[in-house]
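Input: a single structure, listed below in C-alpha cells.
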Amino acid sequence: MNIIPSTAVPYIVLFGAFLYNLNIGIINSYGNLNIYLTSYLRYKGNDVTYRDVAFIYELTIITLGIFMLVGNIVQKRFGERITIMACSLMTFLAFYLSSVYAHSYILLCIFMGFCYAVGYGICFTIPLSCAYKHFKNNRGFISGIIISAISLSPFLYCPLQTMLINKNNVSPVQKKINNSFEYYFDDKDVLNRVPNVLFLQSIIFLIFATMGGFLATMEVKIENDPEIKKQKKNLLSEEKNSNTNNVDKNMVDLEKNEEGFVATDKHKYNTNIDSNNIDIKNDNSRSAKTMKKKKKRKFGFGFMNDDKNNNDDDSKQIGNSFFSKLKLDGIFADNHIGKYYNKKCTEDKFFFLLWISVVLFNCYINFVIMYWKIIGINYTHVEDKLITLNGSFINSLSNIAGRILWGLIYDKFKTNYTIFILGICIIFCCFVLPIISHVYIYYVLVCALFYFCIGGSLVTIPVITLKKYGEAHFSLNMSVLYTSRIANTFVCSIIVASFYKMLQLRYLSYAFGVISCISTLLMCILTK
C-alpha cells in the first residue's frame, strides 16, 4: 500500500466503509422480500402470514444488537481487518444456505435471521470507527455518508428481487386469512424464482462486501510514506535553525544584562536609603488617619461597618459561585458533557433514561421498513413493479438525504433542537398515513418522508454517542446504545401482534404516533 499516497487513504477508507455498508444493509430489503417469501413458504406447505415472516427481520435486529456487544471484544482480539473478512464470509454462507433451504421457515429464521445478524453485529462499528481515525472534523456528516449506504441498499436489492422474481409483473391474489383479506402470489413461475434470487444476493454480497471491508480497514504507514518523511525532515531542520538562533539571542541578552546590573547597583543603594526614610513617615501619617476614621464610625453607631463591608464582599463572591453551580444548564453540562465525556456510557446515571427514550423514539422504524410495501399493495391496488421501483428508489434517496442532511443539522445546531424537529416530522407521518394510504401519490410522499426521518433516527445514535460520551470508548458506547434497537423491535412486535387482528394494518401507525410524542419530549430533555 506504499504506492497509494497518504492523502488519498482517508477517502479510500471512506469509500470502502460506504461499499461495505451498501451490501451489509440487505436487511432493509426484507420488507420488499416479505411478500415473496411468505407466498413461497405457503406454496411449500407452511401456514405463515406476513406477520410470521416479519419475525425474521425482528430476529435479525435482536441478534444484531446482542452481537454488537461481543463485537468490541472480537475486534480487540483479532483486529479489524480479520474480523470484517471473517464476518463477510459468514454472511455469504448464511444467504447461500438460505437459498438452499428456502422451503423451511425455521431454517430461514436461523440463516437469514440469526447467522447473518451475528456477522453484521460483530462488524457493525468497524466502518465508522475506521473512518473516524482519518476524519477528525464534521463527524456527523461522515456518519451520514457511511450510514447512508445502508439506506441505499434497498435501491440495489429491491429492484433486483422484483425484476427477477416477478419479471412478468403478475398480480397477487386476494385471500381471506384470520377474518381479513391479504394478497399473496400463487403463480408457480414467480414462486420458484425466490431461491435463485437468494443465491444471487449471496454472490453479490461476497464480492462487494469483502472488497469494501478490505478498503475500509486500510491504514496509513507513517514510517514508509515518502511525503511524511519529507515533512519530518523539514520540521527537524526548522527546529535546529530556530534553536541555534535562540541560543545566539540569549547570549547577547545575557551580556547586556550583566552591563546593566553593574551600572544600576550603585543607584539602587543610594535610593533605598532615601525611600526607607520616606516610608517611615508615611506609615506614621496613615496610622493617625485610620484612628480618626474609626472614632468617627463609632460615634455614628457604625462600629461594625468595616466588618460588614468585608463580609458583604465575601458573601457576594460565595453567593455568585453558589448560584452559578445551581444553574440547570451548568448541572446538566457537568453531568453529561464534562463528567462523562470520553468515558463509558454505563458510568452515566442518566443513561438508562436516555436508552429508554431512544427505544421509544425509534420503534416506528421496524413498522415502516417491514410493512411499507404490503400497505401499498393492499390499499393502493397499484401493480407490484411500480410500487417496488418507485418505492425503493424514492425511499432510498430520501433515506440517504435524511442521513446526510440530519447529520449536517446535528453538526450545526444543538442536539435537542434537532431531535424536536425530527420528532415532529415522525409524528406527522404516523397520523397522516392511515388517512391518505388509498391515494398512491400521497402514499409515496408519506413513505418518502418516513424514510427521511428514519435516516435521521439512525444517525442520532452515533451522533449522541460521540457528542455525549466522546471517542475514547466509541465502539463500546455505540454497541451499548444500539441495543435500544433490540428493545424497540420488541415494542414494535408487541404493538403489531396486539392490534394486527383488531385493526387494519394502516391504522397501526396511530399507536406509533402516540409513542413518538412521548419519546420526543424525553429525548429533548435528556439531550439538552
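Positions of Cβ are set from backbone N, Cα and C atoms, glycine also.
Curation does not apply to TrEMBL; its annotations are automatic.
If you check TrEMBL, you get these features:
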| type | residues | note |
| --- | --- | --- |
| TRANSMEM | 12-33 | transmembrane segment |
| TRANSMEM | 53-70 | transmembrane segment |
| TRANSMEM | 82-99 | transmembrane segment |
| TRANSMEM | 105-128 | transmembrane segment |
| TRANSMEM | 140-157 | transmembrane segment |
| TRANSMEM | 198-220 | transmembrane segment |
| TRANSMEM | 350-372 | transmembrane segment |
| TRANSMEM | 417-436 | transmembrane segment |
| TRANSMEM | 442-466 | transmembrane segment |
| TRANSMEM | 478-501 | transmembrane segment |
| TRANSMEM | 507-526 | transmembrane segment |
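By the count of Cβ pairs under 8 Å, the stretch nearest in packing to the transmembrane segment (198-220) among 12-33, 53-70, 105-128, 442-466, 507-526 is 12-33. Same-chain neighbours of the transmembrane segment (82-99): 20, 24, 26, 71, 74-75, 107-108, 111-112, 115-116, 118-120, 122-123, 126, 195-199, 201-203, 205-206, 209-210, 213-214, 216-217, counting only residues six or more beyond its ends whose CB sits under 8 Å from a CB of the stretch. Sequence-distant neighbours of the transmembrane segment (53-70) (same chain, 6+ residues past either end, Cβ-Cβ under 8 Å): 27, 30-31, 34, 37-38, 41, 105, 108-109, 112-114, 116-118, 120-122, 124-125, 366, 369-371, 478-480, 482-486, 489-490, 492-493, 496.
When the stretches 140-157, 442-466, 507-526 are ranked by Cβ pairs under 8 Å to the transmembrane segment (12-33), first place goes to 140-157. Contacts between the transmembrane segment (417-436) and the transmembrane segment (507-526): present, as 3 or more C-beta pairs lie under 8 angstroms, all at sequence separation of six or more.
Remote same-chain partners of the transmembrane segment (140-157), defined as residues 6 or more beyond its termini with a Cβ less than 8 Å from a stretch Cβ, comprise 14, 17-29, 31-32, 127-128, 131-132, 201, 392-393, 395-397, 399-400, 402-408, 410-411, 451, 454-455, 458-459, 462-463, 466. Across 442-466, 478-501, 507-526, the stretch most heavily in contact with the transmembrane segment (105-128), judged by Cβ pairs under 8 Å, is 478-501.
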